[in-house]
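Swiss-Prot lists 62-73 with the feature region 'Interaction with the inner capsid protein VP2', giving sequence analysis as the kind of evidence. Annotated Zn(2+) binding site per Swiss-Prot: His153, in sequence order. The Ca(2+) binding site annotation in Swiss-Prot covers Asn266, Asp286.
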Amino acid sequence: MEVLYSISKTLKDARDKIVEGTLYSNVSDIIQQFNQIIVTMNGNEFQTGGIGTLPIRNWTFDFGLLGTTLLNLDANYVETARTTIEYFIDFIDNVCMDEMTRESQRNGIAPQSDALRKLSGIKFKRINFDNSSEYIENWNLQNRRQRTGFVFHKPNIFPYSASFTLNRSQPLHNDLMGTMWLNAGSEIQVAGFDYSCAINAPANTQQFEHIVQLRRALTTATITILPDAERFSFPRVINSADGATTWFFNPVILRPNNVEVEFLLNGQIINTYQARFGTIIARNFDTIRLSFQLMRPPNMTPAVNALFPQAQPFQHHATVGLTLRIDSAVCESVLADSNETMLANVTAVRQEYAVPVGPVFPPGMNWTELITNYSPSREDNLQRVFTVASIRSMLIK
């Protein structure tokens, strides 16, 4: 894997900097690195593809070295260099695609394609290594079963979940009380509602709670908390739990009371925030507990009083909500996030070449299913294919 990254980094630099008119002295280091790669690769043969519709391709290396000059690089020099560079780039692209289509239930962190296994051989250790990539650094750590650490922005840590629970209901669904939520990506939105606006609740107050367990623990997280859940702020028709009917939800938004956010790790509370909104931090957690209250306003203008009558029909439904968004965090496991295209890159290649469903990844690389059942085997394979995708993205956009 280090060889693949180092070759790709050198190729990217060579493609970007070896241009007509450039002084040789300005690019001599890159040219010497590329020549080292040529010397190491010459005389070797590789084969890629042969899975799904990814075609089998054979690769042979027999290239002359790029020469030296005291002057600027001319058109002939650049054309010769480009021909060699483009062949190497095409080779790396196919090695990456081959690797991204393969998976293994055992030791999925290790190279799975014949080409990348061959590149891992001792003869290629002469290539000048560049391990500056976060993915390569963490791949090396994971390969040695040491602790890894990925920095994510808006990590897709929450499997998609959208549902509701009713603490009070009737066959007519005309006086409901309960909780509804939407968990997806890096965001939780949860709303508590009471058609009667807590008229018969103790102290005219309803208590709500929403607990979310993460599939992987996060550390040093920066989080935003807002006293609102905008996705539940407009009228909607909702299917009943048994699917036999539908019911109408017509929210009127109140501010939540006694808001408490707890971050837990292995059942132990690590951080607690009460009535704190905006930006907060959480040190280390695998569970989030949100609790909040809906309190019937003790004093209301006639217009507000008309919204919340003391008897049916309840045409407007008192609602309070919270939004929790993970803006950034560190995780030992690889995840998809908003800053990178690794999941899309891997999925696109597997779809384009009709890669059959293997023993590890779900059909279509369905992220919700993948993260819901994030086994060690999936973690190893995902880190490997994401590392390869990060290498490919340097050369192929």
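Quick reminder: no glycine exception, Cβ is built from N, Cα and C everywhere.
Averaged over the region 'Interaction with the inner capsid protein VP2' (62-73), the predicted model reaches a pLDDT of 91. Of all Cβ atoms in the protein chains displayed, 14 besides its own lie within 10 Å of the Cβ of His153 (Zn(2+) binding site).
According to DSSP, the secondary structure content of the region 'Interaction with the inner capsid protein VP2' (62-73) in residues is 0 helix, 1 strand, 11 coil. The C-beta environment of Asp286 (Ca(2+) binding site), restricted to residues of the same chain at least 6 apart in sequence and closer than 8 Å, consists of Gln213, Leu214, Arg216, Ala217, Leu218, Leu264, Leu265, Asn266.
Secondary structure at the residue listed as 'Zn(2+) binding site', taken from DSSP and collapsed to helix, strand or coil, is strand. Here the Cβ of Asn266 (Ca(2+) binding site) has 10 other Cβ atoms within 10 Å, regardless of which shown protein chain they belong to.
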